[in-house]
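Participant: This is the structure, below, for whatever I ask next.
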Amino acid sequence: MQLPEPLFSRCIKPLVFALALLPLVLMGFGVWQDRLGANPIEAVTRSSGDWALRFLLLTLALSSLRRLIGWTQGIRLRRMLGLFAFFYASIHLLLYLWLDQFFDWQGIWRDILKRPFITVGMLAFLMLLPLAITSPKAMLRRLGKRWKTLHTLIYPLSILAVLHFWWMKDAKSDTSEPLIYALILAALLGERLYQRFKA
């Protein structure tokens, strides 16, 4: 399953890029139009975190799609989607540090130690950071085989990201959406394990 190359390069990639920016546009529009409820800061913080997780899972899914249906072109979207995961995760973290904690570093540290979902969220971001830094092709050439080893961090950080979301929602007794993401991640990781043992 392959799309015509001109269609993919000139239409699909720009379209995916534009669609990936759409959540940011909608969040900004919601703030501007005062449509995000009584606590817009919380709404944007959570929405940016949700989209970071979604793009992370989409990034993982592209490799599975290549193996299952032979769509190799999707791999060329993987870096873009991975960077969008980092982009939305960075917004999520910045809003927490700035508008939730007001850069009170002692308070932030206490929050990290006190609340497990904050702890695993921070760990997930720290794992995502080197993946974003080393995403350019120049870094791939420079690191060689170490690049592939480093980028296996996407697996534990994805687990931590889902756990972060689960525990945050669990505090509000709402685990239906986290369960969906957990099942998607389990399927993606299970497919990888199957391929490894099959080989």
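Here, residue 1 is simply the first one shown, and the rest follow in order.
Backbone N, Cα and C atoms are what each Cβ position is placed from, and that goes for glycine too.
According to TrEMBL, the feature transmembrane segment maps to 12-31, 81-99, 119-138, 150-167, 179-194. Residues annotated as domain 'Ferric oxidoreductase' in TrEMBL: 49-162.
Explain the structural surroundings of these features, please.
Facilitator: Outside the transmembrane segment (12-31) by six or more residues, the chain places 3, 40, 43-44, 47-48, 51, 55, 73, 76-77, 80-81, 84, 88, 91 with a CB less than 8 A from a CB of the stretch.
Remark: secondary structure over the domain 'Ferric oxidoreductase' (49-162) totals 103 helix, 0 strand, 11 coil, with classes taken from DSSP.
Sequence-distant contacts of the transmembrane segment (119-138), counting only residues of its own chain at least 6 positions beyond either end whose CB sits under 8 Å from a CB of the stretch, comprise 49, 56, 79, 82-83, 85-86, 89-90, 93, 112-113, 147, 150-151, 153-154, 156-157, 160-161, 163-164, 167.
Outside the transmembrane segment (150-167), and at least 6 residues removed from its termini, the chain residues within Cβ reach (under 8 Å) are 49-50, 52-53, 56-57, 59-60, 82, 116-118, 120-121, 123-124, 127-128, 130-131, 134, 143, 175, 177-179, 181-182, 185, 189, 192.
Long-range Cβ contacts of the transmembrane segment (179-194) within its own chain (Cβ-Cβ under 8 Å, at least 6 residues beyond either end) map to 53, 57, 60-61, 63-64, 67-68, 155, 158-159, 162, 165-166.
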